[in-house]
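Data first, discussion second: the structure below is written as structure tokens.
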Amino acid sequence: MKEKSFEPGCDNVVLIGMPGAGKSTLGIVLAKILCRDFVDADLLIQQSCDKSLQRLIDTLGPDAFIEIENQVLSEMSFEHSVIATGGSAVYSDAAMEHLGKIGRVVYLKISFDELKARLADFSDRGVVMKGGIGMSLRDLYDERLPLYEKYADITVDVNDLSITAAARKVAAALK
Ligand SMILES: Nc1ncnc2c1ncn2[C@@H]1O[C@H](COP(=O)(O)OP(=O)(O)O)[C@@H](O)[C@H]1O
Ligand SMILES: O=C(O)C1=C[C@@H](OP(=O)(O)O)[C@@H](O)[C@H](O)C1
Ligand SMILES: [Mg+2]
């Protein structure tokens, strides 16, 4: 685990990982265990643009969506919160640098097979495919894995765990 010092305002827990890893669902359970607030970045992006994520990605395209996501994440100034990011957050260097400063970044790791099972309906889920329509789920997994590893302070393998068991495992890893 990378060592980090915590100053006031920098005690958030930032969840990163593949779409379907459980950042949003596990995040709420984790916030209850840790007695913190919960923030879902995806909802803030939707609010700021007044459009669903899927619609934003479809109308703006991947690059403009990532730019908006970068801006929303870079402006976050929460304290004592669990922050669920969207899976594409790691495409934004500035955002990840900011999030790394305001909290511990936890990578919820799932295998490719688990990603496939959870994202059976990924065409409707609002996933940023930077490589365009020819990009497969395997390409997406291979492209992103090194990015999640790069920005993680802590990696927690959540394969084959229920949401509650996975949240407890993350809480234990944060001690
Ligand atoms: N540990 C888990 N076990 C089984 N299903 C899960 C688990 N975590 C999440 N899911 C399911 O996967 C889907 C995506 O979860 P979600 O929390 O939205 O992921 P993310 O925010 O990382 O994209 C949901 O249907 C959720 O119920
Ligand atoms: O992985 C992605 O490309 C995305 C995942 C979504 O969030 P979840 O990771 O919460 O599903 C959302 O941010 C956005 O639609 C892009
Ligand atoms: Mg989510």
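All residue numbers here begin at 1 and follow the chain in the order shown.
Cβ atoms here come from the backbone N, Cα and C positions, even for glycine.
For the substrate site, TrEMBL records Asp42, Gly87, and the single candidate of Arg138, Arg144 listed with them is Arg144. Summary of the site annotation: TrEMBL records ATP binding at Gly20, Ala21, Gly22, Lys23, Ser24, Thr25. Screening the candidates Arg104, Arg125 against this entry identifies Arg125 as the one listed for that site. In the vicinity of ligand 3, defined as a Cβ distance under 6 Å, the following of the binding-site residues Gly20, Gly22, Ser24, Thr25, Gly87 are placed: Ser24. Sorted by the number of other CB atoms within 10 A, the binding-site residues Lys23, Arg125, Arg144 start with Arg125, the lowest. The shortest Cα-Cα distance between Lys23 (ATP binding site) and any of the binding-site residues Asp42, Gly87, Arg144 is the one to Gly87.
Selection of the binding-site residues Asp42, Gly87, Arg144 by a Cβ distance under 6 Å from ligand 2 yields, in sequence order, Asp42, Gly87. Checked against Gly20 (ATP binding site), the binding-site residues Asp42, Gly87, Arg144 differ in C-alpha distance, with Gly87 being the nearest.
Around Ser24 (ATP binding site), the same-chain residues at least 6 positions away in sequence with a Cβ under 8 Å from its Cβ are Asp40, Asp42, Ala84.
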